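Novice: Just passing along the structure, written as C-alpha cells.
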Amino acid sequence: MSAARLTGTKYGCGSGGCGACTVMLSRYDPLSARVLHCSANACLLPVVSLHGAAVVTVEGIGSTKTKLHPVQERIAKAHGSQCGFCTPGMVMSMYTLLRNQPQPSLEDIREALTGNLCRCTGYRPIVDGFKTFCGCCQNGESGKNCCGGGPSTLCNGSSDLFHMNGVLPLDPSQDLIFPPELMLMLQKGGGGRLCFQGNRVKWFSPADLSDLLELRAAHPNAPLVVGNTNVGPNMMFKGDVHPLIISPGSVMELHTVSWGKKVPSGAVCLHRLSLHPLYWQFSVAVASYKLTHKLPFSPFAGGTREVPLNEKFFAGFGRTHLRADEVLLSLHIPRSQPWEFVSAFRQAQRREFAFSIVNAGMKVVFKEGTDTVQSLSIFYGGMGPTLLRVKRTCEGLVGMSWNEGLLEEACRLLAEEVALPPTAHGGKTEFRSILSLSFFFKFYMQVVQELREKNEVPQGHQTFQVYLLTILHPSHIQMVSEIQSSKDPVGRPRVHIAAFQQATGEAKYYDDLPAVSGELFVFMVTSTRAHAKIISMDFSEALRVPGAVTFLSARDVPGQNRRLWFNNTEELFAEEEVCCVGQIIGAVVAESREQAKRAAERVRVTYDDLSPVFFTIEVRARILLTVHTSGEASDREHFETPLICGEMYMGGQEHFYMETQGLIAVPRGEDGEMDLYVATQHTPDLEVVGHTLGVDSNKITCHVKRLGGGFGGKVMKIASLSAIAATAAYKTGRAVRCVLDRGDDMLITSGRHPFLGKYKVGFMNDGTILAADITYYSNGGSTLDESSFIMEKALLHMDNGYKIPNLRGHGLVCKTHLPSYTAFRGFGGPQGLTIIESNVDLPAHQVRAVNMYSEEESYTHHRQPFCPRDMVRCWDECLEKSDYSSRRLAVQHFNATNRWRKRGICAVPLKFGIGFSKGFYNQGAALVNIYKDGSVLVSHGGTEMGQGINTKAVQIASRILGVPMSSIHIKETCTGNVPNAAPSAASFGTDAVGMAVKDACEKLMKRLEPVMKAYPKWTWSQWIVEAYCQKISLSATGFFMGPHTSVDWEKSEGAAYYYFTFGACCSEVEIDCLTGDHKNIRTDIVMDVGKSLNPALDVGQVEGGFVQGLGLYTIEELQFSPDGALRTRGPNQYKIPALCDIPPQLNVHLLADSQNPNAIYSSKGIGEPPVFFGCTLFFAIKEAIAAARRESGLNGRFALSSPATVEKIRMACVDRFTEMVCFTSKPGSFTPWAINV
C-alpha cells in the first residue's frame, strides 16, 4: 500500500484486531457465476494470496478532489470522525456491506462494524451516519417509523447535530465494476500451479485437488493457509518460520456446500473453516460421533477415510490427528432429531470480537416420551490445551431423569472432572471451573423449560442471545441565539474541518509521509528482565542480518543520555542496570522495518538479576513521593459516629490510541539542523532531542500535522523515542523512521496508573458524611514520569461534588519494577473521584444529594471558591431526564422476579477541575497570517488529535475576522512558528489556543479598522490588498496568559484550577449472575460545557470520554506475568469497548443557559471529565451483584475492584456453584498466570 502511495489504509495492530486496515476484497466465483465481495483486514492478507482478486481501498471509492462516496460523506457529516485513524476502515466495512446489501438493516450495520474499533467517538455518530442507509430512510426519505423505532431523529430541526438535506444519494450503478480481465481469466479456468518466491518464504497455490495432495505429500510440514490467520501474526510477532506455505484457496473442490434430505454437507478446507470456537463446540455436540470427514490420501496411496469429529480428533491447541499428507475434504453435519436438545454457550472478555474464556456445546437425547437421559454429550473449550469431553460425567448421568437430582449429581461430577490447577495456562482457573458448572445449569434450565412447554423439541433448537442494536438516541444540544448572524460559526455544530479528508484517506499522519531518499528504520531493543545488571550486549549477529546498518546504545549518544524532568532523571538507553521489562537498552537501524525488527531479535543481552523486585502496590514498596491534603480537622471524635472502613483497587488502562507512537527524523546536513515529523501532544518537550544531540533547541524543528489519538500518552514517552530516532539520524546522516508495533507500544509506553484507596468514613444516620480519611497508593512504575502530578490531581478531586466538613487525604506513589505509568485522559481525576464514590453507601442517590455542595459560594477541600449551582442543576436534570425514580422501582421489581439476572442503576454528579495545577502551563500562543488574496493561515501551539481544536480555532478566527471558515486554513503545529507551547492536555487546549487566536485576530482587525472605515463597501479581499499597499502588517501573534494556579501543600490550600466543569450521569446495567456477563442498557448524561463553541464536537468528546471510561471500569484489564512482563500486548488479549458494548440508549444533554466568564466565549473544557462517568456502570454492576448476593443470604458490604470484568462479577455473585469449586492451594505455593499490580 505504501509503495503505491495508498496510505488511506491504516496499520493499527498487525493482527486483524482493530479494523483500521479494512479493504474490500472481490472475487469472481465460477460456481455461482457472480462476484462476491467481503471486507478483509489488509494486515492479514499476503499480496500473493490475492491472485485473481480485486482489492478496493478507501481511495478507490471517492475523493475530495473528484467526488465523495455517500458513505464517506455521511460519516463525516454525522461527526463520526474525530482523530480519523479508524475512519477509512469504518468506511470500507460499510461500503462492502452496501455492495452486498444496498438496503441494510440496523443489525446488518452492527454486524458489519463488529471488527472495527474506535477509541475516540463512542460509536454513536458513526452509527448515526450509517443508519441513514437503512431501507426505511434510504436516500433521506425518512418516515415516521424510521429505522423501525419511532420518529426519525435525523431529519430537519435546527437542534439536530446533522441532517440529511443535500446529501449524496446512494447509487449502486456508480460503483466500481469487477475488472473484466480478471473475470475472463477466471471463467476460462484451467490455470496451473502458482509459485511465488520471497526472500525467506516460498508460496504455492495449487491448481486443483490432485495438485494440492501432491504438494502436501512433498511438503508435509507446510501450513495450509486459507484464512488460518494465526500463521502470519505468529511469523511476525513470535518468530515462527515457515519456508514454504500452501494456499489451496483456488481448489474448487473445497468451495461447495450441498444440502441433502437428511444431511447438509459442505466441502471445505479445514483451515478455511472460519467458525468461532463456540460454533466448533456446537458442531461437535450436535453431531457427536456421527460427523464424518473424508480424508484423501496422496495420489500415491489412494483412497479416503472417514473419522468421527470428537475429542480424539484434536491433538492439542491448533493441532489435529490428521496425517501430514492428508487434507480435509468434506464435513458432514446431521440434522437434529426429535427428543434431541442442543445448545451452546460462550463467555468472553467482551461480548463480541473476542476469544472465549470458556465455551461449551451440549446435547442430550431422551428416551421418546420420557425425561430419561438416553445419551448426553458435553464438550468444553478453554478448559485445557484442546477440546475437553467430560466422558465420566456424561456416562454417569445416562439413565437418570432430568430433575434436581440429576443436576446435583452433574455438578458434583463436573466439579471433579473439569477442575483446573491454579497454574493452568491463561489463569482465571477458579472462574473457568465455575463457568463449566454455570453453563451446564443454563443448559439444564433450558431443557426443563422446553420439556414443560412441549412434548417434542423442534429440530435443531438453539439458544443464542443476540442483542440487536436499537436507535442510539440523539444528543440534545444548545441552540445559538436568534440574533446571532448566520455567518458566525461559533456555537454551531460545524463538521470537523478534516473530516472529509479523513473519510477519504487523504488525511496524512506521520507514517503516511513518503519515504525520504535513503531513509532508514529504527527498532528498539528492550529489556527482558525486571531488575538486573547488564553484563554485556552482543549485537554482532544482528549486524549480519541483510539490510542492518548500525546498532545504537548509550555510548552513541553525542550529548546527554538522560532527560531531566522536574529534577528527576530518566535514561534514554539503560547503561548499567535495567529496572523493568520493556526498558529500552539499545536500537537497531536498518534499511527497512522488517530488517530492523529481524536484526533486533538477534541482539543478545546478558544479565545478572538483582533483588529486590517489586511489582505490586504494597507497604514495603519504595516510596518516591508523599503528598497530602487535609480539611479543617480530622479528629478522632468525628469517627465515633457510624463508620465505613474499606478499600478499593482500580486497575490501570492502556491508551490504545489507534495510531502507535513514532516519528521521522530528517537531518538537514547543515549546522546540526534536524526536522522531526512526530506524533506528540507537546512539541516543546522535544527539546530533549537537542540535549541528546548536544545542539540548541532552535535547530530542532518539530512538525505535527495530526495525531491518530493521544489521550495523554503522547506527551512524555514520545520525547525519548524522538531522541533515540534523532540519535540514529545523527549517527548515520540519513533520515530515520520509527514506528512502534502495537505490542511494543503497549510494552514500552505503559498507561494509566493502578490505584489503591483505603478509606475510613464517618456519617450520620441520614447519610450526611461528617469525616473521611483516605489514603491513595498509586503504582508509579520504575521512574517518576508524571506520577507526582497525577497523585496531586487525585487528591484535589477526592471530594468530587460533596461538602465533607472533615476530609483528609494522603497520596503515596510507589516505585515498582514495571514500565513507568504516565498521563492518561483524566490524569488521576477518575481515580480520586472513584474512591470517594465507593464510600457512598445505599441508598446512594440520597446520600449524594444530602452531601452535595449547595451554597452559592462554596469552598473545596483545598479552599478554592466556586459556585455549585450548575452542578446541582446537572444533577437534578439528570435524575429527571433519566426518569431515575421510576426506573429504580422497575429495577427492584426486575430483581425480585429474576433469580439469575439482576439489574442495577446508579447516578453520580461530577465536579472536575480544568487547567494545569502548575500555573506556568496555563498559557497559549498563536500566529495568524493574512495573505494578499484574503486567505488566512492560522498556526497555534496545540495539537489536533481528534478533539477538534483546529476546528474551534477556525470558528473563532472566522467570527472575529468576519470571513468564512473555508477561507481559513491550519497547516500544522510547528515549533518554528509557535515555540514553547504548553501540552495539549488537561482539557485546556481550546481555552489557551482559542484565546491566543482571538488575541491575534483582534490585533489584525484593529490594524485593518481604518481601512474598513474608509472603504465600508469594499470586500474583505479589497481591504486586504489596500492594507498591504498601505504597508500594514498582516501578520500577528496572539498570546494568552492564563491564571496563576498553585497549591500550597503544607497549608493544604490554593486555587488549583482555572474553573470547574460539572455534569451528572445515570446508567443502568443488567448482569448474568451465572456467567458474569453484563449488558449496558441505558446511559443519560447531562453536561455543563458553558456556551459550547461547537456542540457536535463537545457531544463527541462527552460520548467518547464516557465510552473510554466504560472500558476503564468494566472491560479493559492489563495482565502481567509473575516476572513483570506485560501479557496483554495487542487487541487479541486487551479489549477496548466495541460497538456491542455501547448502551443502546445513550442520551447526552448539554446544560442550557450556563455561563463561564473565565474561558473563551463562555465555553468550558470537556475532554477529560466524562471519563469518570464510566463509574456509573461499575457501581450499577455492584448494585446488581448486591441484589444477587442477597438471594444467597449475604447482606453486608463487599469489595469489588475495577474493572468489573466478567470474572469479578461472577466470583462476587456467590451461590451454590461457586461453593462447589474451591482451590486448596495457598497463595505463594504456586506460580500464578498473572499478578495484581
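Any Cβ shown, glycine's included, is placed from N, Cα and C.
No curator has checked TrEMBL annotations; they are predicted automatically.
Copied straight from TrEMBL:
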BINDING   Cys13, Cys18, Cys21, Cys43  [2Fe-2S] cluster 1 binding site
BINDING   Cys83, Cys86, Cys118, Cys120  [2Fe-2S] cluster 2 binding site
BINDING   Leu224, Val225, Val226, Gly227, Asn228, Thr229, Asn230, Val231, Leu328, Arg346  FAD binding site
DOMAIN    343-447  domain 'CO dehydrogenase flavoprotein C-terminal'
DOMAIN    504-611  domain 'Aldehyde oxidase/xanthine dehydrogenase a/b hammerhead'
BINDING   Gln681, Phe711, Arg825, Ala986  Mo-molybdopterin binding site
BINDING   Phe827  substrate binding site
ACT_SITE  Glu1168  active site, proton acceptor
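Have a look at these and tell me how they're positioned relative to everything else.
Specialist: Neighbour count (other Cβ atoms within 10 Å of the Cβ, all protein chains): 24 for Cys21 ([2Fe-2S] cluster 1 binding site).
Counting only same-chain residues at least 6 apart in sequence, those with a Cβ under 8 Å from the Cβ of Cys118 ([2Fe-2S] cluster 2 binding site) are Cys86, Met90, Ile126, Met658.
For the domain 'CO dehydrogenase flavoprotein C-terminal' (343-447), the mean pLDDT of the prediction comes to 94.
In sequence order, Gly712, Glu786, Phe789, Ile790, Lys793, Ala985, Ala986, Glu1168 are the residues near Phe827 (substrate binding site), counting only same-chain partners six or more apart with C-beta under 8 A.
For Glu1168 (active site, proton acceptor), the Cβ neighbour count at a 10 Å cut-off comes to 26, with all displayed protein chains included.
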Novice: Just counting, how many other CB atoms are there within 10 A of the CB of Cys13 ([2Fe-2S] cluster 1 binding site)?
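Specialist: The answer is 25.
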Novice: What are the helix, strand and coil residue counts for the domain 'Aldehyde oxidase/xanthine dehydrogenase a/b hammerhead' (504-611) according to DSSP?
Specialist: 19 helix, 42 strand, 47 coil
Novice: Can you give me the residues near the recorded Mo-molybdopterin site, meaning same chain, not Gln681, Phe711, Arg825, Ala986 themselves, Cβ no more than 8 Å from the center of the site's Cβ atoms?
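Specialist: Filtered neighbour residues, in order: Gly710, Gly712, Gly713, Val715, Ala823, Phe824, Phe827, Pro983, Ser984, Ala985, Gly1167, Glu1168.
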Novice: Going by DSSP assignments with H, G and I as helix and E and B as strand, what are the residue counts for the domain 'CO dehydrogenase flavoprotein C-terminal' (343-447)?
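Specialist: Secondary-structure breakdown of the domain 'CO dehydrogenase flavoprotein C-terminal' (343-447): 40 helix, 30 strand, 35 coil.
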Novice: Measuring Cα to Cα, how far is Arg825 (Mo-molybdopterin binding site) from Cys21 ([2Fe-2S] cluster 1 binding site) in Å?
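Specialist: Between the Cα atoms of Arg825 (Mo-molybdopterin binding site) and Cys21 ([2Fe-2S] cluster 1 binding site), the distance comes to 26 Å.
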Novice: Just to be sure I understand: of Cys13, Cys18, Gln681, Phe711, which binding-site residues have a C-alpha no more than 10 angstroms from the C-alpha of Cys120 ([2Fe-2S] cluster 2 binding site)?
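Specialist: Near Cys120 ([2Fe-2S] cluster 2 binding site), where near means Cα within 10 Å, the binding-site residues are Phe711.
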Novice: Please identify, among the binding-site residues Cys18, Cys83, Gln681, Phe711, the one with the smallest Cα-Cα distance to Leu224 (FAD binding site).
Specialist: Cys18
Novice: Cβ neighbours within 10 Å, counted over all protein chains: which one of the binding-site residues Asn230, Gln681 has the most?
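Specialist: When each Cβ's neighbours within 10 Å are tallied, Gln681 leads.
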Novice: Beyond Cys13, Cys18, Cys21, Cys43, what residues of that chain have CB atoms within 8 A of the centre of the [2Fe-2S] cluster 1 site's CB atoms?
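Specialist: These residues sit around the [2Fe-2S] cluster 1 site: Lys10, Tyr11, Gly12, Gly14, Ser15, Gly16, Gly17, Gly19, Ala20, Asn41, Ala42, Arg742, Pro1131.
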Novice: Which residues, in sequence order, are found in the same chain with Cβ within 8 Å of the centroid defined by the Cβ atoms of Cys83, Cys86, Cys118, Cys120 at the [2Fe-2S] cluster 2 site, excluding those residues themselves?
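Specialist: Not counting the recorded site residues, we get Ser81, Gln82, Gly84, Phe85, Thr87, Arg119, Thr121, Met658, Gly708, Gly709, Gly946, Gly1104.
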